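> Pasting a structure here, questions to come.
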Amino acid sequence: PAGAREGAAAGAGGGEPVPEQAQAEELTAEQQEKVANDAEEEIAWRVNAPLLYDLFIDCTMDWPALAIDWLPDEDDQPCRLAIGLHTDGSAPHEVIIAQLECDSEETMEVLDPWHSWHMLGIGDMEGFGCTVDAATGAAAPLRPLARLMHPTEVNRVAPCPNRAQLLATKAATGAVLLFDYLADRPAGTISPDATLLPREGKAVDGFALDWGVTPGSGRVLASGGNDGRLCLWEAERASGGGTPTAPFMEVASAHVGALCSLAWARAVSSPLAESLATVGDDGFLRLWDRRANTAATLHARVSADEVLAVAWNHHQGHLLAVAGKDKDVCVWDARTLKEPLHRLKGHDSDVVAVKWAPFRDGLLASCSGDQRLNLWDLTIEESAEDTLENGTPELLFSHAGHGGGVSDFAWSGTDDYLMCSVSEDNGLHIWQPSSEVYMPEDKHAGEETDPPPKRPRTDGAA
């Protein structure tokens, strides 16, 4: 459909709400024009969205979330999410585990495809492309399964890749907390199953957190803080009972300034399979091997500004993506680190997260304070027309449904192109772009190239 490459022009939230009449009289002409433009953009977005998405669910939560991720897939279990909330202190900070309870519509109502729901403990929802079967007891597409009280805002949440019920979180105190969300715990109390702290010095605020799971190596957690410190823990050795667990590896000054993000290599068969990548305020990318103790095996300056995000390719184990305050997403070859292989331009603010698609090589996504979540396809062949019209030919799709800066997102490991994302305006989106965006026009009719979705499909006209 027209405009599919760039998504919609404005968020589902439509920017600022229209003030009451008394307030409107006090607005300047410039502010009144902005309110009017926001309202027009919201209307245009709602009209165009059903053409751009196969599935869209917008949940307005009571509080914004800084972090979100899909839980690993388990047989006979629906899709589940871990959502890390940030309140103002008048309500508890929490990690919410929620379950997706909807079927995909094969046919949408042409005149009014939008539905609305409410789920206690989650918020108001609206969307299209899905149905909820009341006969099963479902009241909305998303239902909370568990709520874990947290000592501070949840900077990061990371489900364990090979044990779905085990979550790691990053607190604003700098502590890394472990939760088994299926375990019984006292109601109304902050009671993590384990607390991980540095061996030396004081833990400080930070956002860097990732699991490393390789055959024979167990579960290793890596974390970094705003003081540049890097710590690695073996999850199996984490102590319960309130006794903090010290790391088996600790580097006090892995970066000059904040260590902003880190990621374990994803391709198990790669020579870099044991590698950990870190980036920071100093503009450097550093590679570490847990077997080489505390010395970085490779480093390079990848930006003149602060680097806020890093991610490894799942299929080509030598490829890395980095992004940050220079607003570009750059793809590097870790074997050389001389020049970026790709420089993707399409954001107007700091890029705070970048992640590769697990199901397809050459596909990655990034989110930014500009309210956009961009999907990039490195396999798109550049043409003069693409470059002239879009600036960056690799831009496959731009999700512009959020009404605030996008804080975090995740690719589903269950359904291809199924995404979740959260934003500063309390928004939680679950969405899937129209297949017309990513399926070649010459695809043979009936050709099955992707695994069937886990969510059942129903006829929306029924």
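Using the three backbone atoms N, Cα and C, a Cβ is placed for every residue, glycine included.
Not measured: the values here are computed from a predicted model.
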> May I ask you to indicate which of 1-30, 361-390 is given in TrEMBL as region 'Disordered'?
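Region 'Disordered', as annotated by TrEMBL, spans 1-30.
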> Restricting to the domain 'Histone-binding protein RBBP4-like N-terminal' (40-101), what is the model's mean pLDDT?
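Averaged over the domain 'Histone-binding protein RBBP4-like N-terminal' (40-101), the predicted model reaches a pLDDT of 92.
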> Helix, strand, coil: count each for the residues of the domain 'Histone-binding protein RBBP4-like N-terminal' (40-101), based on DSSP.
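Its residues divide into 13 helix, 28 strand, 21 coil.
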